[in-house]
Structure formats: C-alpha cells, structure tokens
Amino acid sequence: ATYKVTLKTPSGDQTIECPDDTYILDAAEEAGLDLPYSCRAGACSSCAGKVEAGTVDQSDQSFLDDSQMDGGFVLTCVAYPTSDCTIATHKEEDLF
C-alpha cells in the first residue's frame with residue numbers, strides 16, 4: 001500500500017506519497033524535501049517529528065522511550081506509514 005504523508009515543516013506543509021515499506025525520511029528526500037537527520041538508524045533524535053494524525057510503525061527505533069512514543073514522537077528515519085498520516089517535522093527540541 002502507498003499512503004499520503006503530510007509533513008508540516010517550518011517552510012510549509014508538503015504531502016508526499018510513501019509506500020508502507022519505505023521509511024518516511026527516505027520518501028521525503030526522494031520528493032525533494034530537506035528534513036533533518038543524523039544517524040539514519042533510529043538511534044538519535046535529529047530526525048524526530050510528532051505524529052498529529054494517522055499511524056506509523058517505528059519498531060526499528062531504539063532511542064525514544066515509551067512515554068515519548070505515547071506522546072506522538074516519531075523518528076522519521078525508521079518510520080513506515082501504516083495509514084495516511086500527518087507529521088510535524090523538526091521536533092527534536094520538544095523531546096527534552
């Protein structure tokens with residue numbers, strides 16, 4: 001399946017198509033968006049965003065704790081969409 005992922009960035013909202021087997025960060029880059037990242041392995045917070053609607057699978061991540069995930073935070077470098085979703089990007093500073 002392919003889902004519509006709306007990314008709310010500081011420079012405006014962008015909606016991309018993201019297959020359910022593609023990490024959201026990778027799909028965003030393929031669409032020409034410049035999102036923050038560092039490790040690309042789900043082990044830091046550089047790429048953190050916040051899910052505002054919809055669902056994602058970020059079971060590959062190892063950095064966020066349960067309360068952060070329950071709060072909607074997502075590491076876009078290891079997150080697959082599992083529905084159409086809306087994610088606010090550039091949220092690393094909100095984690096701490």
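Glycine residues also receive a Cβ, built from the backbone N, Cα and C atoms like all the rest.
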Which of Cys77, Cys85 belongs with Cys39, Cys44, Cys47 in the [2Fe-2S] cluster site listed by Swiss-Prot: Cys77
Residue, out of the binding-site residues Cys39, Cys44, Cys47, Cys77, whose Cβ gathers the largest set of other Cβ atoms within 10 Å: Cys47
